[in-house]
Amino acid sequence: MGIYSKPVVFAVTSALVILVGTVVTVFVPMFMPSTQPVSAYVKPYTSIEQEGRDIYMREGCSNCHTQTVRPLRTEVLRYGEYSKAEEFAWDRPFLWGSRRTGPDLNRIGGKYPDSWHYRHMQSPQSMFEKSNMPPYGWLAENRLDTSESFRKTQILGYGYTEEQVKQQIADYKAKVTAPDYDSKATRDQVTPEALRGELTEMDAIVAYMQKLGRDVKSMEAQR
Amino acid sequence: MNDTGYDYSVVRGFAFSALFWLVIGLVIGLWIAFEMFNPALNITPWLSFGRLRVVHTNGLGLGFGLAGIFATAYYMLQRLTRTPLPFPGLAKAHLWLFNAAIAAAAVSLMAGLNTTKEYAELEWPLDVGVVIIWVMFAVNVFAILIKRQEKQMYISLWYLIAMTVTVAVLYIVNNLAIPLNLFKSYSLYAGANDANVEWWYGHNIVGFIFTVPVLAMFYYFLPKATGLPIYSHRLSIVSFWSLIFAYLWTGAHHLMLTPLPEWIQTVAIAFSIFLIAPSWGSVVNGYYTLQGNWDQMRTNYLTKFFIIGVTFYGLQTLQGPLQGLRTLNAFFHYTDWVVGHVHMGTMGWVAMVISAAFYYMIPRITGRELYSVKLANIHFWLILVGQLAWTITMWIGGIQQGAMWKATNPDGSLMYSFLDALTSLYPYYRMRFAAGVVYFIGILVFAWNLIQTVRQEPSAAAEA
């Protein structure tokens, strides 16, 4: 019974035994095209959308919301077109989630106007009396920190120049602070007066919500 | 130190750390269970559900589970090798650094530093700390095995070696990330790959922390507590190797019907079904060990913990593969059924075996009699009833939820809104909270019993 009296041999053998399944199902697929399909329709996040995504992660939204619609009839009816691998090419990390205390969000982009999201984030219960979602109105009280926005897009390989990132930030700020912004009244309602001319964390998470699934809709429209 | 030369101070330190994090983790569990039907409890960002849920899972999985594993591992390693700890100073540093890391993890998660990879939420500086802590442990494990007085390595040691090696591989591969600054990093993998790596990790970290080392405890403490040898050595060998081989193929059963390539999902289902065999190998080995001595279920309080515990392990390892099947998964996944499943394993199997191991171990390392067997029995019944009420409530709630998501009208349209399904679960969430309180009281009795045990005068009889 050699191996049971040789701890180092035993450890090496154990390591080899656990690596068989690991190599076949995890390491090899890393280099296969089927796990990283590319699509011309799926664009990287803008820096504002990425900031919103980071806030989504910080608040642990993925504990309650999934971001993957399964190819099941009722699921497609409820949420929309089922999720495809190429949609997630820019997602580091993936946010598919494992639990639906709240609905799936993979097709939420464009489903509601911005004003809906501002109101819902501030007080989910004002929209759905019996919702158990925590209120996130305080996000509108935090100025959005964009000091690292460019470095984020660099690390994530989005290929923007620093100028492009600055432009994205300026453009989005101009959009949500414009007097003719279609969700102005609601935004003003949830945003403290001092921050109404600035970008807030709330603005970023709303931008992220509106991005989810939008590329797929354009992809389907083209097909 | 005592006259045998064994170092039990670190065993004791980890055991009481485990108790401490168990109580904290359960308080947070009760808090988030309450938030599930009353969102008014989300009073600050730090106490909001999204942030606290990960404090609950990390606090109990790593704080309680790992501390319990380290406590029993340091005990079993010394006894099974008949060798004192080679580096007691290192073990002591391991104890302190471990507790500091768990505290830092809790604070950082509440502050929103969260990578969002399930069961691997810690940001990279803490990941580095975890790796250092693991190396400190591994040095003691391998040093004591190399210096050992006992030639053959008993079953429990195989499981401890497998855990030490596998957790290191899993943790490092899954947590590879590109740092932005001290507080934030981005995963090295993207999209479907990231998901595949994450659930390879997620499933196996549960396996190699909540199954493998707990089986090590089971194989050591069951014969000790009952005075009966393990039924079949050969069965343990077959179970061990097939378990650690098959486990690593199954992670993708968490990703059924997602954009992950279908062949990976199918392989995962096949191996999940296969995994029933080695799991039940250990369950059967446990039951047969007791053959002819089933009266111990009445006379020996420890036997009850072990046998009911391993029964939950057996049920868990049947339920797991079944809900991995595509059709059943399509119904159950993302519902509260899965939450019920997880908690049968953790509140049933893991907590029962660790409880019994502590009841056996603490009197022996401190030279004191257990304060109260009667309280240990009360603890047993409270956590059994609490856990059953908890999981069964979630199973029923999960079935209802799955059915409501799938229900359609004759014209093919959806019968219920998402919110209809959610709000219909609130009564179950209230029941679950009540069951959690019962369970928590059981754990308080457990903690009280052990604290009173070490506060007593030493007794000559207890040192065996």
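Placed from the backbone N, Cα and C atoms, the Cβ positions cover glycine too.
According to TrEMBL, the domain 'Cytochrome oxidase subunit I profile' annotation covers B:1-464. Taken from TrEMBL, the feature transmembrane segment applies to B:12-34, B:54-77, B:89-112, B:124-145, B:157-180, B:200-222, B:234-257, B:263-289, B:301-318, B:338-362, B:374-396, B:433-451.
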The transmembrane segment (B:263-289) versus listed stretches B:157-180, B:234-257, B:433-451: most Cβ pairs under 8 Å: B:234-257
Cβ pairs under 8 Å between the transmembrane segment (B:157-180) and the transmembrane segment (B:338-362), at least three: no
In contact by Cβ distance (the transmembrane segment (B:12-34), the transmembrane segment (B:301-318); 3 or more pairs under 8 Å): no
